[in-house]
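**Student:** Dumping the structure here so I can ask a few things about it.
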Amino acid sequence: MSEQTTFAPSRTDGVEAHKTLRVLLAGPRGFCAGVDRAIRVVEEALRRYGAPVYVRHEIVHNRTVVEGLEAKGAIFVEELDEVPEDGHVVFSAHGVPKAVPAEAQRRNLLYLDATCPLVSKVHREAERHFAGGGPDQRHILMIGHAGHPEVVGTMGQLPPGAVTLINDAEEARTIQPEDPTKLAFITQTTLSVDDTAEIVDILRSRFPLIEGPKREDICYATTNRQEAVKAIAPESDLVIVIGSPNSSNSQRLREVAERSGARRALLVPKLENLDWSVLEGVETLGISAGASAPESLVQEMVTALAGKYTLKIEERIVKEENINFRLPGPLAGEDD
């Protein structure tokens, strides 16, 4: 699906017309349902309980979103010991280890869990394979990136030693599990679809009895955004992915663009971080945004481009999205 528009500032001052720049907008892009839900959790908590509301870790990995919520009264912390005894606290979309809500309960904190439902699905898979540590237990191999909050949260659902992290294909080739016949794998939801498929193929080849998820762990939004970037990359001299450096899915979009034929791909947090010199010689520019980047950042960039170029904009939509996740627990009624 493709829609084309021309966006050109009017010139009546005799100045030479702007150079034409073709802009391919990847679709879908930007916020996913899990991110939208997490932000709504914080906003509704602020409305219901008043400021401050504490949030453990960045609610999503985007500074613009975080700063916007801070302006409304959210306070971001890394650990629960930074939350006062009578505080209200929200857990981020990435999920948390089981010890975190247990500690919140011990301290009688009112907490709201904004973990993305698709991340919670992976948590349930891990617990199913662990099987309570009984005779049906399988050792779990988690495909993901060390230190990412989602990985920390998922591995923290089970006792130490129950899960081994697989960072890349080389680790999949060399791991030596104690019992190769009793294995299962799960994955971080924001990985490269292609990289993960390679790792899964290696694991299945080495360990034919390994069990995997009934449905793909990589979330629909990650998959759709990567497919959209693949659709624009071959025609693009440059692809700009709007997103924060600590956003896993945004980093993967940049990598996908490079691998899919773009001459160059850059991750740019927002307009003020753009080095305009990178556009020299660019005739076709692709633009996408990570799942935690608001559409306002895309429109801000397009507007700035229109001040320097005559734009021919094409929307390349590979998939329509209409998914909505309900708010958790005490806030659930606000969706009705």
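The backbone N, Cα and C atoms fix where each Cβ goes, glycine too.
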**Student:** Check Swiss-Prot for me: it has HIS61, HIS148, SER247, SER248, ASN249, SER292 binding isopentenyl diphosphate, so pick out which one of HIS88, HIS94 it puts in that same site.
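**Tutor:** That isopentenyl diphosphate site, as Swiss-Prot gives it, pairs HIS61, HIS148, SER247, SER248, ASN249, SER292 with HIS94.
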**Student:** Looking at the recorded positions CYS32, CYS116, GLU150, whose Cα is closest in space to that of HIS94 (dimethylallyl diphosphate binding site)?
**Tutor:** GLU150
**Student:** Quick check on the binding-site residues CYS32, CYS116, CYS219: which one has the highest count of other Cβ atoms within 10 Å of its Cβ?
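**Tutor:** Result for the most crowded candidate: CYS32.
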**Student:** On a C-alpha basis, identify the one among CYS219, SER247, ASN249, SER292 that is nearest to THR189 ((2E)-4-hydroxy-3-methylbut-2-enyl diphosphate binding site); the candidates are the binding-site residues.
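**Tutor:** The answer is CYS219.
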**Student:** Say you check the Cα of SER247 (dimethylallyl diphosphate binding site) against those of the recorded positions CYS32, CYS116, GLU150, CYS219; which is nearest?
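**Tutor:** Sorting the recorded positions by distance from SER247 (dimethylallyl diphosphate binding site), the top entry is GLU150.
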